[in-house]
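**Q** Below you'll find the structure I mean.
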Amino acid sequence: MCLTHTWDNPMQFVLACVSYAVGLGNVWRFPYLCQMHGGGGFLIPYMLMLVLLGVPLFYMELAIGQKMRLGSIGAWRAISPYLGGVGMASVVTSMYLCLYYNVINAWSFWYLFHSFQSILPWAECPANSNLTGPVEECERATPTQYFFYRETLDISGSIEENGGIHMGQALCLLLAWIIVYLFIVKGVKSTGKVVYFTATFPYLVLIIYLIRGVTLHGAINGVKYMFTPKMEQLAKPTTWINAATQIFFSLGLGFGSLIAFASYNQYNNNFEKQAIVVSMVNSGTSIFASIVTFSIYGFKATFNYESCLERVRLLLLNTFDLAEDTISLENVNHWIAELNRTHPEQFASLGGRLETCDLEAELDTAVEGTGLAFIVYSEAIKNMPVSQLWSVLYFIMLLLLGMGSMLGNVIAVITPLSDLKFISVLSYPVGLVCLFCLLLGLGFTTRSGNYWFTMFNDYGATFSLLFIVLIEVITVCYIYGIKRFEKDVEDMLGHRLNWYWKIMLAGVSPILLIALFIFYIVNYIQGGTPTYQAWNKELGKSVVTEYPPYAQAFIGLLLASSVCCIPLTALYTYCKKRNLASGKRERTVSTVSL
C-alpha cells in the first residue's frame, strides 16, 4: 500500500466510519421514506432489516479489511485469485459515486455563499428584464424552485438540450475537490484528524436545529405526522424492500470503503463492538434527523396551509362585503359552508378562485433527495427569523456530511489502486484521482448536467452494490468458508463467532440479498422505459419525461460496467493460469526431447 499509516487510535476509526456512513441520505432519504411508507410504522421494517442485514454485513466487511490489511481488490484477490473482480467492481462503483457526489457539495457551497445577503435570493422572485414585475417563470413556480433550477443549475428543458458549463458551479466543484484533496493527501494521518470535526459538528447543528425546529409554529404537526403509524403500509412489499435498501446503502456496504478503513486498523482491534456501535449510531442519526426534518416540514406545511386560509378569508371578505373581523382563520371552513348555503349564486361566481386548503395534503406531499434538501428546507428557512443564520448553519452541516462521505469514497478508490503495481509507482495517486474526477465531474455543471446527475444517482450503484455484496457474503461463507472465517475472527478478537453472526451471514443475509436482487431486476423490467423529471419553464414545474435511446443505452452501460468486472476478471485469471500451465508443459516436453 502507498498509504502505509494506521489510525492513531480506535476512536479515529470509529469516527471515520461514522463520518462516512452518516451522510446526506440520513437527512433527506430516510425522512422521505418515512413520509412515503406510513410514518412511525416504517421504523418496524427498518429496524428489522438493520438487525438481519445491515449489522452482519458491516461486521463482515470490517473483518475482511482488518484481516487482509489490503484494499478491496487485494483483499478479495488474497481470498481467491479469481475474486479480484469483486474489488474492481467496488472501485468502479465508488468512482461513479465520486464523480457525482461532490456535485452536491458544490451546490451546498453555492447556497452557503448566497446566504450572506440581507435578503436570501430564494426568498422572493427576481424582477424581469423590464423591471415591471417578477419573472414569469418564477411566479409559475416558487422562488425556491426558481433559484434551484434556474440560478443554481441553469437547467435545460431536457437531457437532449445541451449547454455550456455553469462557471459558478464549476468553481464551487473545484473548491469542493481541493478541500477533499487536502483532507486526504497524507492518508489516514490527515483523514484521522479531519473526522473529529466532520463526524461531530453535524450533530451540533442538528441539535441546534432541533431546538429551533420544535419551537416553530406548526412544528408539532410535522412530528405527529412522522410518529403516527399507518400500519396498512406494512402489507406492501415495497415498504420492506425500501427499508432494506436504505439500511444497505446508508451503511455504505459494497463500495470498498469499509474494507479500506479497516485495513488501517491494528490487527487485534475490536471491530465487532465497533460494527455494532457505528450501525446503531447511523440508524439513530436517521431517526434523530427525521425528527428535525419533520418539525421544520410541519412548520412549512402549516405556514402554507395558513397562507392558503388567509387568501380564502380575504376572498370571502371582499366578495361578500363582510366586516374585517367576521371571518378568522379558525372559522374559514364554517363560513365557506354557510355562504354557500345562504348565497349560492354569488358563491358559485367564485369558481376556480376559491382554493382548497388541506393541512394533511400539505404534509402528504413527499419530496425526495435534492428537492428536500435544497427546495423544501430553503423554503422553510426563508420564513424563519434571522433566516441568514439558519441558512449558513444548515448548508455548513450539509457540507460536512457530504465531505465526510467523500473521504470514504475516495479512500475506497485510492487504497485498492495503491495495491496495484501500475499505480504504486506514481508519486501523486491521490491528486491524480481527484483531478480525474473533477474533470469528468464538470459535465454535471452543464445545463443538462442535472439529468446526468440523476441518472448516475439512480443507476450508478444500486444494482451493482446488491450484486457485489451478494458475491462477498457467498464468498466468505461458502468459498473461503465460514470455519476459516471463524478462525480468523478468533485470531483477531480472541473468541469465535457467536450464533447470531453465523446464522445471519450463512443464511438470513444471503437470502434477503437474493430477494432484493430479484426484486430490483423484476421492477426494472416491469418499469418500462426509464424516465426522469425534466424542468418545464412554461409550467414552472418538473414533468415526467422518457430518456432518449442513447441515454437508455448509457444506463445499461452503468448497470453492467461494474458488475461485469467480476466474471471478466475471473475469466482473465483462468486464461492466464491455463497459459502458464501450458507453457510449463511445453518447456517440460522440450527438455525431455533433448
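Backbone N, Cα and C atoms are what each Cβ position is placed from, and that goes for glycine too.
So TrEMBL has the following annotated:
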- 12-30: transmembrane segment (TRANSMEM)
- ALA21, VAL22, ASN26, SER250, ASN282, LEU401, SER405: Na(+) binding site (BINDING)
- 42-60: transmembrane segment (TRANSMEM)
- 81-103: transmembrane segment (TRANSMEM)
- 165-184: transmembrane segment (TRANSMEM)
- 196-220: transmembrane segment (TRANSMEM)
- 240-264: transmembrane segment (TRANSMEM)
- 276-297: transmembrane segment (TRANSMEM)
- 392-415: transmembrane segment (TRANSMEM)
- 422-443: transmembrane segment (TRANSMEM)
- 463-482: transmembrane segment (TRANSMEM)
- 503-522: transmembrane segment (TRANSMEM)
- 550-575: transmembrane segment (TRANSMEM)
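Context for these features, please: burial, neighbours, distances.
**A** For the transmembrane segment (12-30), the list of distant contacts is 104, 188, 191-192, 195-196, 198-200, 202, 246, 249-252, 257-258, 261-262, 264-265, 269, 274, 277-278, 281-282, 285-287, 289-290, 293, 368-370, 372-373, 398, 401-402, 404-405, 407-408: same-chain residues at least six beyond its ends, Cβ to Cβ under 8 Å.
With a cut-off of 8 Å between CB atoms and residues at least 6 apart in sequence, the same chain places SER250, ASN282, THR285, SER286, ALA289, LEU401 near ASN26 (Na(+) binding site), listed in sequence order.
The list of residues near the transmembrane segment (81-103) in space but at least 6 beyond its ends in sequence, with Cβ under 8 angstroms from a Cβ of it, reads 71-75, 169, 173, 176-177, 180, 254-257, 259, 402, 405-406, 409-410, 412-413, 416-417, 433, 437, 440-441, 444-445, 449, 453, 456-457, 460-461, 464-465, 467-468, 471-472, 475, 479, 558, 561-563, 565-570, 573-574, 577.
Residues 102-103, 105-107, 109-110, 113, 152-154, 190-191, 194, 403, 406-407, 410-411, 414, 430-431, 434-435, 437-438, 441-442, 444-447, 449 of the same chain lie 6+ residues outside the transmembrane segment (165-184) yet bring a C-beta within less than 8 angstroms of a C-beta in it.
Within the chain carrying the transmembrane segment (196-220), a Cβ under 8 angstroms from the stretch's Cβ atoms is held by residues 12, 15-16, 18-19, 22, 285, 288-289, 291-292, 295-296, 298-299, 301-303, 305-306, 384, 390, 393-394, 396-397, 400-401, 403-404, 407, all 6 or more beyond its ends.
Outside the transmembrane segment (463-482) by six or more residues, the chain places 57, 60-61, 64, 76, 79-80, 83, 86, 89-90, 92-93, 248-249, 253-255, 497, 502, 505-506, 509-510, 513-514, 516-517, 520-521, 524, 559, 562-563, 566 with a CB less than 8 A from a CB of the stretch.
Residues of the same chain lying 6 or more positions beyond the ends of the transmembrane segment (503-522) and with a Cβ under 8 Å from any Cβ of it are 49, 52-53, 55-57, 60, 237, 241, 244-245, 248, 462-463, 466-467, 469-470, 473-474, 476-477, 482.
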**Q** May I ask you to check whether the transmembrane segment (392-415) and the transmembrane segment (42-60) make contact, with contact taken as at least three Cβ pairs under 8 Å and only pairs 6 or more apart in sequence counted?
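**A** As far as Cβ distances go (cut-off 8 Å, pairs 6 or more apart), the transmembrane segment (392-415) and the transmembrane segment (42-60) do not touch.
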**Q** For the recorded Na(+) site formed by ALA21, VAL22, ASN26, SER250, ASN282, LEU401, SER405, name the remaining residues of the chain with Cβ within 8 Å of the site's Cβ center, in chain order.
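**A** Other same-chain residues near the Na(+) site: VAL18, TYR20, GLY23, LEU24, GLY25, GLY252, THR285, SER286, GLY404.
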**Q** Show which residues of the chain containing VAL22 (Na(+) binding site), separated from it by at least 6 in sequence, have their CB under 8 Å from its CB.
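**A** Long-range Cβ contacts: ALA199, PRO202, VAL281, ASN282, THR285, LEU401, GLY404.
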**Q** Can you check which residues sit near SER405 (Na(+) binding site), meaning Cβ under 8 Å from its Cβ, same chain, 6 or more apart in sequence, and list them in order?
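**A** Listed in sequence order: SER19, TYR20, GLY23, LEU24, TYR101, GLY252.
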**Q** Quickly jot the same-chain residues contacting the transmembrane segment (276-297) by Cβ under 8 Å, restricted to those at least six beyond its ends, or write none.
**A** 14, 17-18, 21-22, 26-28, 30-31, 34-35, 43, 46-47, 50, 54-55, 58-59, 203, 206, 209-210, 213-214, 216, 219-220, 222-223, 225-226, 246-247, 250-251, 363, 372, 376-377, 380
**Q** Just how many other Cβ atoms lie inside 10 Å of the Cβ on ALA21 (Na(+) binding site)?
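**A** ALA21 (Na(+) binding site) is surrounded by 28 other Cβ atoms within 10 Å.
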